[in-house]
Amino acid sequence: MTTTPVLEAIDETLETQGRPPLNVIYEWLTTVDHKKIGLMYIVYALIFLVVGGFEAILMRIQLAIPNNHFVSPQVFNQLFTMHGTTMVFFMGMPILFGVGNYLVPLMIGARDMAFPRLNAFSFWISAFAGMLLYFSYIGGSGLYAAGSAPDVGWFAYAPLTSKVFSPGHSTDYWTLAVFLSGVGSIGTALNIVTTILCMRCKGMKMSRMPLLPWLYLVMAGLVFVAVSPLTAAQIMLTLDRYLGAHFFDTQAGGSAILWMHFFWIFGHPEVYVLVLPAFAFANEIIPVFSRKAMFGYPAMVAASVSIGFISLSVWAHHMFTAGLGPAGNTFFVFATMVISVPTGIKIFNWLATIWGGKIIFAVPMIFMIGFLFQFLIAGLTGIMLSAAPFNWQLSASYFVVAHFHYVLVGAIVFSLFGAFYYWYPKVTGRMMSETLGKWHFWLFLIGFHLTFDFMHVPGILGMPRRIYTYEAGRGWDTLNFIVGVGAIFQAAGTLVLVYNMIHSYYKGKEAGHDPWDAWTLEWSVPSPPPSYNFAIEPTVSSRRPLWDIKHPEDPDADYE
Amino acid sequence: MTTITTASRIPIDGPVETPWKLPYRGNIGMACLIIAESAIFIIFVVAYIYYIGKSLSGPTPAQVLELPIFGTICLLSSSIFVHFAVSSLRKDNLRGCTLNLAATVLLGTIFLATTAQEWYHLIHDEGLTIKTNLFGTTYYSLVGLHATHVVVGLIMLSLTLGLSLTGHVKEEHSEKLEVLSLYWHFVDAVWVVVFLVVYVIGR
């Protein structure tokens, strides 16, 4: 150790304290620093999380009792369209890109992303897209009337989106917003891939890279082949609506089914774009709180890559009821079921990592336990729905809604919350309150299970999705009420999180640079990290560089 | 020992087996863009193939389309010239680079002119617009999407040509010019697909 020099880091970021607020705002607006852009992504996504969550609450109030007239059918259509679009394009993708932006360069020992200005461009164009979507509330009917939000559903099936059935501009706002968000997503994905391939620090071979960058690499690769088709389809839809083209115009021989194919070629890989980062957080958090190295690193990488490939061949399982024919049905049932194999490998590897470890039930870890349990159930209902005959029975029912919310909330949001508690000390330099964190966990867990466990049942009893109200006495009443109560618990849990984040920022315990005794490079720099990340570029010789430093007598490199 | 922070204890002179060389980020970034763009083109090509022969009214491709042999030769050969431009810049042959860039821009512009002429003929003489039928819809959007990419490429190439004429392009920029040439090769490769689909299979 005597040969290792002590690095004197000159941290200019500390001198930014106490500057005029206008300068600080200017700095954030013009920044190209990956950490600041990452944080802006996260804050922007959290605003949309609140907006989208509010829309969900309104829908649950409307459905809590039969024959309710809390909102009109038109408003209800707008609510579920805006809720879906917001949560997928303006909450899910940006927040995961934001976390990736923040963490990927730190974990691979780089000072910034490969293209910092492209990074800023991608963020601002996504932010603009989100504002455009909500501007439809003002400008949706043109300048001469009050606005109306898009009401075509988040997958906007043709021919509902044609000028005849969707007059005014609300659908155009939807199209443009999704198109621009796609441009931003492709830009950020390009940046992530290039950063990972070209910016790794010395010694970090692909086989030594932490699993989080690995999964972000697969996720970004999926964005190219999944989001681009949607972008292309939005161009076609705009041509249809403005230049009188006939892509999805059934009157002129166009095909509504073609839109379904184009949408779901995007739509299903999109699920994996969202869930792979959730896996990535689990891959980092579970080993640290089990005090063991990740079990089966090569198998995890292989499983992630194969999930990426298989996910490109499953899209038409969203279209069984459209009639694919026996050959199409067989192929897509088979491909969908096959994807549970690599996913199963992952679950077993996480369990094997926990097995025999010295488990620490800190808040990040309990969220991961919730994630593991709920992701398993979400996968099991997924296998049920992948069987075409079962799907014919339950397609477009609340069973489907419950299934995909189990993935999106039960798996992705739980993993994301775990990641918040885990990396918050790195971002702010303060610990979050453990007590409040446990309150958040239990409130959200109870709320989640009240809402989404009970939502399966009205689906099986025949309640279709996207209806704005229902008759009493069909056996749906009590169940829908319980679902609504669960939503309140979830909202309460989220408020606890918001309070915890704000309170801890000012009053939290000092975190130091490595509060969890973790092993990846981001914990070797001060919290919050200086703008240049690493004063001297690190060199690594194993998958857990900080373990090697803390245990020079027994380095990982001897075993890999 | 105890006063040293973890950050400072990362071994910076640790043994590295091989010299640490990672790919150039421009090439990787362009490769990513090409993958994403390919996906967009694939969707348009799929739509084109799906709607072949499905138009409810005329004119049909067989009635109005002619093989754009001249434009195709121009565009494809421009790929060779942009390749020569990069290799002469690598050898520090600035004059050769400028001449080859000029040839690329010229050939690309001729291609664009042949497309414009074809569109003029179709719209003016044959009365085929994007509204007419499914053939018009898919033809103008696929060929138009490609032409848009040619225009973007030509703008960037002309910019480089201007910089090179004013003596701002040096040997150390050859990596960057190569990134641009990758894009141009991609645009040409897409034309091969568009040519096959629109003028060979679709006719």
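All residue numbers here begin at 1 and follow the chain in the order shown.
Just so you know, glycine gets a Cβ as well, placed from its N, Cα and C.
Whatever TrEMBL says is automated annotation, not expert-curated.
Here is what TrEMBL records for this protein:
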DOMAIN    B:27-203  domain 'Heme-copper oxidase subunit III family profile'
TRANSMEM  B:28-52  transmembrane segment
TRANSMEM  B:64-86  transmembrane segment
TRANSMEM  B:98-116  transmembrane segment
TRANSMEM  B:137-162  transmembrane segment
TRANSMEM  B:182-202  transmembrane segment
Can you tell me which recorded stretch out of B:64-86, B:98-116, B:182-202 has the most Cβ pairs within less than 8 Å of the transmembrane segment (B:28-52)?
B:182-202
Taking a Cβ cut-off under 8 Å, which residues six or more beyond the ends of the transmembrane segment (B:182-202) line up next to it in the same chain?
27, 30-31, 33-34, 37-38, 41, 45, 48-49, 52, 61, 65, 67-68, 72, 75-76, 78-79, 82-83, 104, 108, 139, 142-143, 146, 149-150, 153, 156-157
Mean of the pLDDT scores, which run from 0 to 100, over the domain 'Heme-copper oxidase subunit III family profile' (B:27-203):
95
